[in-house]
């Protein structure tokens, strides 16, 4: 998010692709089939101690096949979700998160109709399971998207999280630390990453954009249908979905061959084009310091709202950001840095948001310095001047107040901690350590203990005290 001023094998996986049920008549296409090999979708979900009402550690989603039909005039979303789930233990039912505004009309498990209970934002599917059993669920639902209250005090989150609806019927999503449940059934927590295939059907003249590499597009019968495929696992908070009268901008490829594809509205195209033209150079700068770009594509979808989000592959940025080009470039660099720090290596739970934001903030400052702006030393001095106020207002970064999610304390305070680690280790060893953090642990979940062990192994036992002090102290460490 932008700054504001198991080694397991499931033998049944190869048998799952054909297990789907009939989609709603309003949707011209069935939900995409699951890939034959779902091993990349294996996770070890945990109960989130910060936001325990969302997510279920008993459910490991391997793959989401979402067929979404949206009507901008009526503001109605219809979904057919085929969800391949591994049970992490014996249970009498499986649970997912789904907003109560999304009304469920049918549920099947392995093609058989089953009982379900939709209470509040909790969808319970009554199907007995044993440990490591794999079940293919299909859920038909529809409703008018409504945002959920955000556990935050920052200005760009006051209207809530999840799917937003614009004045013209356009929709977009910002859903950190949660909010995906406002538009599809999901295990809405960072520790359960899954593979995704998404099909969007919208009226001709509109375009649906979603997480994943664009994998198909056609207009037929007055409907514009687009498809997206994610071969890398994705956490629900970095999934994007947007519908608007978008113009597609193809920006070539990164040095590593990842296609650069972006979507903007025609009336903001001239503002966005020079900013989007810098994506390749920014990725090259990041790769030089921190290793190869971790995903198969990159780009931006420009939407309403007032924020920016590191949604995996296709970054989600609010249109207004383009009105201030220098800020837009810095925000874009920040969200690109998250593709390494947050998306490729993801926190196990929301206590670790500082793992994402501290490094992205530090890397952003490095880039600004390299581009001739504020020097890194000046940025570090500025952070130090802010640190005490941030800790007083929102708590230390290792134990922030749950109602103040993503405040400055989880950006600037851990960035300052990283600067201290760099000062003790030296610039080259620090960058090598942080490059290896991603390159050797891509598509994994990490936490404070694993990060501390990683730094101690490379920087010595004194680093443990440094990290604990910077993450836990109510005042600025000396």
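Glycine residues also receive a Cβ, built from the backbone N, Cα and C atoms like all the rest.
Any TrEMBL annotation is an automated prediction that lacks curation.
The signal peptide annotation in TrEMBL covers 1-25. Residues or ranges marked as domain 'Peptidase M1 membrane alanine aminopeptidase' in TrEMBL: 292-470. TrEMBL lists 334, 338, 357 with the feature Zn(2+) binding site.
This view paints the features noted in TrEMBL onto the structure.
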{"residue": "334", "record": "Zn(2+) binding site", "Cβ within 10 Å": "24"}
{"residue": "338", "record": "Zn(2+) binding site", "Cβ within 10 Å": "26"}
{"residue": "357", "record": "Zn(2+) binding site", "Cβ within 10 Å": "29"}
